[in-house]
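So that you can see what the record holds, here are the features copied from TrEMBL:
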{"type": "REGION", "residues": "A:1-27", "note": "region 'Disordered'"}
{"type": "TRANSMEM", "residues": "A:35-65", "note": "transmembrane segment"}
{"type": "TRANSMEM", "residues": "A:94-117", "note": "transmembrane segment"}
{"type": "DOMAIN", "residues": "A:94-308", "note": "domain 'ABC transmembrane type-1'"}
{"type": "TRANSMEM", "residues": "A:129-153", "note": "transmembrane segment"}
{"type": "TRANSMEM", "residues": "A:173-192", "note": "transmembrane segment"}
{"type": "TRANSMEM", "residues": "A:235-255", "note": "transmembrane segment"}
{"type": "TRANSMEM", "residues": "A:290-309", "note": "transmembrane segment"}
Amino acid sequence: MSDTTTDRIAAGSSGTSPVGVRRKPAPRGRRKKNLFAWVLLAPTIVGMGIFTIVPIIGSLLLAFFRWDIISRPEFVGLANFADIALDPTVRVSFLNTIVFVVVAVTLQLSIALVLASMIQERMPDWLRVFFRSTFFFPLVLSAASVSIFMGYLFNEQFGVVNWLIGLVGMAPVPWLTTPAGAAAVVIIVYVWQNFGFSFLLFVGGLGNIPKDVYEAAELDGASGIKKFMNVTMPLLSPTTLVASVMAVITALQVFDQPYVLTRGGPGDSTRSAVMVVFESAFEQLEFGRASAIGLVLMLLIMAVTYVQFQLSRRFVFYQ
Amino acid sequence: MKQLIGGSTARTLTRRSALTLGGLGLAGVTIGAWPRLTGSDIPGRKAEGLTIAILGNSADAEGRRGLAEEFHREFPEIDVHIQAIQGADWKDFFAKILTMVAAGSPPDIVYVATEGAQLFAEKLAEPLDDYIRRDADELREYFDDVHPSLVEAFMYQGSLFQLPIDWNAADMYLNTSTLHEAGLDRPADDWTQDDFTEMLRAMKKSQGAGFTPFYWTNRLFGGIVPWLYNNDTSFLTERKAPGGDWLWDGFYPDDPARSTRGGGFIWDGSNALDERVFESFDYMRELVDEGLGVRPEGGGGNSLVGLFSSGRVGATPAGGYWAQGLHEAGMGSDDFDVQFFPRNRTQRHQFGTAGYAIMRTAQNKDAAWEWLKFSARRESMEMAMPAPTTTPTRRSMVNASFYAETGPNNWQVFYETLDRFPSSGPIPAPPEQAAVENALIKNVTNAVSGSSRQTRAALQNLDRDLNLVLGSSR
């Protein structure tokens, strides 16, 4: 027990000071300011409560019910969890998602970092603005529209990609109709559309690295790759952490690209965890099962994020 | 606010405050007077009138406005609101209808295709039996004009849930220029699967790179299923429910296939390991392997009209709905033609049909029934289908004048599919259609790629997936 608490008890009231003098109420102006702040925050708090907190709680509860929208929900305990544990499609979809996250996030961050480093080099401002806008542009497009368009480009018989491949004498590639080809296309399309966000984070991070650190490194004889590995990477590590956490969370929820491009096929080769949530809910009318899968996915995301933050203690360097 | 004598405070109205208040008041009045959306504007929330959901976009809804206005003229007490819901396919559309049900704003009537007929019959739709019995005299002319196979597709456990309005069979479209360049004429009505293969080989030989003799898509309609049907099998077990005699005896007493009619189809088990299923898949695998057919992708084949009309595809299965599309793509009536699906063990065809279903939750079911009857009249169907964007279920409407502008020359094939091959069956779509379709399409591509061994492995997976879907729901 702290001294302050002891003193308060001795004074007979937790609301009074040790010497028995009533604590001064907050100045009227501050109270008004606080009230005003709460008023401004209220729409966000109410919105989050209704549209985020309540659905999360509802979804958690639904995981223990069997519900097809039309009939009354029926309590089934842990049956939905047992069901998904035995379902090979669910297992494959989670495995696909994990492989996807590893490959796509690695590519996304690598491409974003390389391009961000390149545009930090000397170039006219208008060209820098052009590159920044160009790389960010895919992110503002609808993922569904992009995927439809890419589906045409990668069509085995009539796609532009195979036409270009044909120009150099290669045989057409069955992009969307073989497991490896379909997975490659989904990753390509996803990375193309999402690297822009990581790119912008890296551009900001690189801009914050003081020039004198580079100058000192140069005086010590560092150049090129050494400077990048020993100066840029450590000083950029806080940005890398943020970019990787956000990229992993987003990639774990991949849906649009595989749904539109391949519908999860061929077989289950590109089926993602969120696709199985959607299919369970809106195609099989198993909303409880869908919630159970969603809950497992949420736990996976939380676990991965926790691990990332734990690892950051070793690898992230704060100035 | 100003400090007054005696230390008390009071509010005085400054000019700025007055202007602010005036501005706020004006804004309030403007907002209050502005026409805005309210809860009653959400489709399905209005107590009065009928909300009718169709698959399509706002242009499709606009296209049916004339029909709705005509209905309202005849039934002024019933307001009709056509609500177009966009979706990549019927499965998407049904998922959206279900979200409307979950949101508490279901439509009163939904235009449902075969893919969703049993899902709706099982969970959402109202049987029409009592209404049909009551208005039998009025409906006799409709049933006289509509093939019983189409009606049977909407029977479920002995009751009828929809009146079919449009339909399409999976017949074979042929690019006539490609056919002639290969030195071939339109095949005979009873052509075989071997004839079909030879035709594809000849087409391939006569065309250069970038040409695909046979294009097919991976979906329930027009995908692998027609090849299963013509091999006298299917990937699901198929039988008929008892019942339905009231309908067949009442409206189709002279139907030559009367003895085979029942209370609707039952598809409740996997048949994926049937040897004939393997034969059909293996045939398609050989076509892909030989470069005669594409490895099928999912989707509705949206780009297919362009590919077919530009001569890059020689043949593809499709229904009467394609005539208008090819015409709009610039093909003349002599540039393409249609023939029955080739024969294997049988020449059983696959078809799909669609019609309005009354939701169990509809407030005014009698009004909804009036809409169903109205829509099934010939003049209403003519208004709804002014061009061959689909095939009307009324035989009398499938005539030379309907196809005069578009072709094909052998348009008779469309309706004769049902007459010549009365065993033709609907798209196999049990109430678990979405999951069944997923199970099928996810295994088709693997089954027709690689070796025969891979085909067998894919069919094992299909069998496992179907058993999971059909077993868990029963």
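From the backbone N, Cα and C atoms, a Cβ is placed for every residue, glycine too.
Two recorded stretches are said to be in contact when at least 3 C-beta pairs lie under 8 angstroms, sequence spacing 6 or more; the transmembrane segment (A:235-255) and the transmembrane segment (A:94-117) meet this definition. Non-local neighbours of the transmembrane segment (A:35-65) in the same chain are 73-78, 80-81, 287-288, 291-292, 294-295; each lies 6+ residues outside the stretch with a CB under 8 Å from one of its CB atoms. No contact links the transmembrane segment (A:173-192) to the transmembrane segment (A:290-309), because fewer than 3 Cβ pairs that are 6 or more residues apart lie under 8 A.
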